[in-house]
């Protein structure tokens, strides 16, 4: 862990572009599914997941989803439903109306805003199957009004066709409309190009391993994709008023995710810095995921000393962290100067897991400094806009010479004539 | 040109990914500028543009911009200013406020919406230097509140350092804050990674040749980029009420852009189909860019016959055209069913050049079927959002067990403890 002046610290983790072998493997799989459809999809599922399926067994049935409800604990279901309700309520506030502007001369200009028609959601299998991520991906699409949300997730390996029941329940609660038991690059290709069993989508979202990430890159253009998520990050901006136990616990809640995760404290208080360091040592020793958290802190953890909280904000704006907690005397005083962070948590009770699971804002956030230009997953990501232009004859008469002047300057005579032909003939018939 | 049933037509143009040689050349240039900064930038400018510059001469001076105003014609300036005012007014309506939701328990949830800090705009040189594109790219960024908009554009080749005065005037009118006389992949790399003379930006927009497009792809991730524009497209949905002269003129206004451009008429009227075919022949013969327009029509033009206008809308939704004109008896009757088009022009007086130059909506639109999931360039493209979460102690007490339940289910004990540590200690001090 780096402890010292902020000027001496740089957080650098390379983005994952895969090895040439991985890229070649993904290109082969994507092309095979594109050409052969279900045949290739089932062949790769048999080969990678050791599960032999027929096209009829690709889609998870309503009965299987019902059975999953019988399996999950009541307290899980209650918590999941409350989280889903909170996420839905927050994202409802992001919705937008189509709008128009009408003029007395009969001109109408506006934007028509509509949901995407069909979205695909990738959900990893095994230990990385997080019900919370299903909610965070699917609910914004549902709120946007996307009528078809198709989820893919690998079957349990070793011949068992089952899907984690917690994932099935989360999908049903979130409003997913179809679930397919396929995973890997082959599932991404199926969503992008469509097969006889899985119709093509317009956008693919959701996390996955390196093969899934490379497949998403490979199909981008044919469909839209969400961002490729990097390892998780937290920065805590705190002064003497902060409780070092809280700061340390929140840093560890990131560090336990992944050895590549980063947890950084930015503070003007040497006292807090010492106390947090001690607390990190004490608390990390008690964590089940101690080894991961220790490696993360060692490689990418830092305690950065700054002159004052304002200098701390400058450091934060350069870091552009995925999560930022502000535990200072008066967090609102600083908010206006905080320019770049995926999510901002204010005050001592806004622990980051509150946002990961429950409060309502999305936990899918820009990583690796991309908060400089990217945003949390939100309803806009599932909407498309069309400009709307209705000109009247009166308006066209008024603007024709300006349009023709600009068109002719750019050497586009046909553009000028398309306007002028309407001036000669009077009515359109 | 294909004339016949819609079912027999497919518009397929491959996206430009460049040759391996072009990709390798771009990778070399980008890496050199990243490592060597201005030195490499000036070296490539000398080599490709045959212009020897010093770092001090990279930036276009205020005097040069003033001189450009003395050069352009008054009618051009008047038209440009009116177009800029219309574009500004339309994009002002796209602006969004940060918002929050406060609860009686002291919880605050919201989104902070801010402009990007610094944006780069590429403007091609030579014949592809379109003042209208400068307005369409720069004004949405300006309206979003981006404080720094840096334009790059190649100097006139052959030792002359000059920039097209019309481009300089358009940049000044649009609110560009800095202009640099560099182009090509080297200019894109300079914007992405920064040099001593050109500070790095957060996002790069604007059209360019294949080297510029490949360079944008190469730096994507380090910075954001806009979409890589494909060749232009228009589809006209028209019935017997349409004037065949207008339909043909508008189709030609696309076809004259580029041999790769596509112009398609979709109609239930055999009479209109015949008349438009004849008008296309008549009008194209009179165009200065006749050869380009003829090639475009021959390769990618079509007149598609459908059973009725509703069937025509289905064809349009599959085509997902960049521009759509609706010249039917009652265009508003169809609008609700038109799902995918970059810009929609309603009625006989809404000729596409109206939108290209003047009405106010953006002319940078999704091409190549990407209207299925992409939108016209708009103010949102220059904004970034941060989630805002302020939990109160009361809210945390209420939600702690739900958060801990979900966290423990996902095997993230540290997340549960970060919440629970706040329950034990009472006040934060």
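The backbone N, Cα and C atoms fix where each Cβ goes, and this holds for glycine too.
Any TrEMBL annotation is an automated prediction that lacks curation.
Annotated features, as they stand in TrEMBL:
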{"type": "BINDING", "residues": "A:122, A:186, A:209", "note": "NAD(+) binding site"}
{"type": "BINDING", "residues": "A:232, A:254, A:257, A:323, A:356, A:410, A:415", "note": "substrate binding site"}
{"type": "BINDING", "residues": "A:254, A:257, A:356, A:415", "note": "Zn(2+) binding site"}
{"type": "ACT_SITE", "residues": "A:322", "note": "active site, proton acceptor"}
{"type": "ACT_SITE", "residues": "A:323", "note": "active site, proton acceptor"}
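Positions of TrEMBL features highlighted on the structure.
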residue : record                       : Cβ neighbours (10 Å)
A:122   : NAD(+) binding site          : 26
A:186   : NAD(+) binding site          : 28
A:209   : NAD(+) binding site          : 15
A:232   : substrate binding site       : 24
A:254   : substrate binding site       : 32
A:257   : substrate binding site       : 23
A:322   : active site, proton acceptor : 29
A:323   : substrate binding site       : 27
A:356   : substrate binding site       : 28
A:410   : substrate binding site       : 19
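When Cα-Cα distances from residue A:410 (substrate binding site) are compared across the recorded positions A:186, A:209, A:322, the shortest belongs to A:322. Mapped onto three states, the DSSP output places residue A:356 (substrate binding site) in helix.
When the CA atoms are compared, the recorded positions lying within 10 A of residue A:232 (substrate binding site) are A:322, out of the candidates A:122, A:186, A:209, A:322.
In this view, residue A:415 (substrate binding site) is surrounded by 29 other Cβ atoms within 10 Å of its Cβ, with every protein chain counted. Reduced to three states, the DSSP call for residue A:254 (substrate binding site) is helix. Residue A:257 (substrate binding site) sits 15 Å from residue A:209 (NAD(+) binding site), taking the C-alpha atoms as the reference points.
With respect to residue A:122 (NAD(+) binding site), the closest of these recorded positions in Cα terms is A:356, chosen from A:254, A:322, A:323, A:356, A:415. Of all the recorded positions in the record (A:186, A:209, A:322), the one with the smallest CA separation from residue A:356 (substrate binding site) is A:322. Under 8 angstroms separates the C-beta of A:410, A:415 from a C-beta of chain B, among the binding-site residues A:122, A:209, A:232, A:410, A:415.
Comparing Cα positions, residue A:322 (active site, proton acceptor) lies closest to A:254 out of the binding-site residues A:186, A:254, A:415. With respect to their backbone Cα atoms, residue A:186 (NAD(+) binding site) and residue A:415 (substrate binding site) stand 46 Å from each other. Between the CA atoms of residue A:209 (NAD(+) binding site) and residue A:415 (substrate binding site) there is a gap of 49 Å, rounded to the nearest whole number. In the three-state DSSP classification, residue A:122 (NAD(+) binding site) falls within a strand. DSSP assigns residue A:415 (substrate binding site) to a helical segment in the three-state reduction. DSSP assigns residue A:322 (active site, proton acceptor) to coil, not to a helix or a strand. Within 8 Å of the centroid defined by the CB atoms of A:122, A:186, A:209, the record's NAD(+) site, lie the Cβ atoms of A:124, A:152, A:154, A:183, A:184, A:185, A:187, A:188, A:208, A:211, A:212, A:215, excluding the listed residues themselves.
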